[in-house]
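Let me begin by presenting the structure, written as structure tokens, before commenting on it.
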Amino acid sequence: MTQTLSSQDPQAPAAPPMPGAAGSAPADVAHPKGIKSYVRRAGRTTTGQAKALEELGPRYVLDYAPALLDATAAFGRSAPLVLEIGFGMGEATAHIARVRPQDNFLCCEVHEPGVGALLKRIGEQDIHNIRILQHDAVEVLEHMLAPGALDGVHIFFPDPWHKKRHNKRRLIQPPLVAQLAARLKPGGYIHCATDWQPYAEQMLEVLSAEPLLSNTAEGYAPQPDYRPLTKFENRGMRLGHGVWDLVFTRR
């Protein structure tokens with residue numbers, strides 16, 4: 001994903017760290033205050049993506065503001081609200097929104113080609129239950145979402161930060177998980193997925209340690225029916241790579 005720009009986006013090579021971005025954060029800065037939910041990536045916005053940004057952005061992209069979001073007004077209806085942090089190029093996001101039309105999906109991603117790609121899918125597939133915030137999800141969580149506002153959270157394939165000295169930059173850390181849990185309604189869920197086993201192990205440890213959350217499985221969960229296998233994921237599986245899903249619910 002993704003915002004933490006995920007391994008769902010293999011077309012976006014890493015750019016040198018930018019001032020203030022996650023890549024330049026000191027290793028000892030506490031998460032999440034010193035670490036954003038994303039890494040800036042290089043990538044060119046295509047003509048089709050730019051057209052979608054221009055034509056559909058005004059309807060589906062929300063402005064960030066440090067004030068609580070009125071989700072009913074933003075979506076034009078009252079429905080269960082799911083937050084997605086980092087959606088890469090939007091392949092899985094669009095699929096899930098189509099198979100779950102009863103839910104609203106608030107999706108955070110800072111990568112402009114990814115935002116344009118999802119908007120293009122929205123137009124082509126006639127999807128109406130997605131709204132996008134092109135902003136750091138940590139700030140969205142802190143300032144725009146009230147406790148108990150969410151029915152679900154999706155974090156699929158966040159940047160694994162493979163090197164041990166970079167592990168503190170990973171998105172799934174206790175302070176962020178505590179914030180997510182507090183913003184879930186009782187019975188709401190957090191669904192994470194990763195294709196990097198050491199990160200899966202960290203996710204399991206951190207999520208299991210949060211007192212407001214309960215694991216729906218003994219360890220890793222079966223892949224829920226709504227989450228599709230993306231082209232990137234299918235390619236990885238053909239190469240023998242594993243994928244780990246974790247689903248925890250709010251007590």
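Cβ coordinates come from backbone N, Cα and C, glycine included.
These features come from Swiss-Prot:
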REGION    1-29  region 'Disordered'
BINDING   Glu84, Glu109, Asp136, Asp159  S-adenosyl-L-methionine binding site
ACT_SITE  Asp159  active site
BINDING   Lys163, Asp195, Thr230, Lys231, Phe232, Glu233  substrate binding site
REGION    165-170  region 'Interaction with RNA'
Handout entry: Where the record names Glu84, Glu109, Asp136, Asp159 as binding S-adenosyl-L-methionine, the maximum Cα to Cα distance in Å
Key = 14
Handout entry: Residues of the region 'Interaction with RNA' (165-170) by DSSP state, where helix covers H, G and I
Key = 5 helix, 0 strand, 1 coil
Completion exercise
Reading the DSSP string in three states, the entry for Asp159 (S-adenosyl-L-methionine binding site) is coil
Problem - Helix, strand or coil at Lys231 (substrate binding site) [DSSP, three-state] - result: helix
Completion exercise
By the 10 Å Cβ-neighbour count, the most surrounded of the binding-site residues Lys163, Lys231 is Lys231
Problem - Among Glu109, Asp136, Asp159, Asp195, Glu233, the most crowded of the binding-site residues [Cβ within 10 Å] - result: Glu109
Fill in the blank from the handout: Rounded Cα distance in angstrom between Lys163 (substrate binding site) and Asp136 (S-adenosyl-L-methionine binding site) is 23
Handout entry: Averaged pLDDT score, the region 'Interaction with RNA' (165-170)
Key = 92
Practice task
From the binding-site residues Glu84, Glu109, Asp136, Asp159, pick the residue whose C-alpha lies nearest to the C-alpha of Glu233 (substrate binding site).
Solution key: Asp159
Practice task
For Glu109 (S-adenosyl-L-methionine binding site) and Thr230 (substrate binding site), determine the Cα separation and express it in whole Å.
Solution key: 18
Problem - Assigned conformation of Asp195 (substrate binding site) - DSSP reduced to three states - result: coil
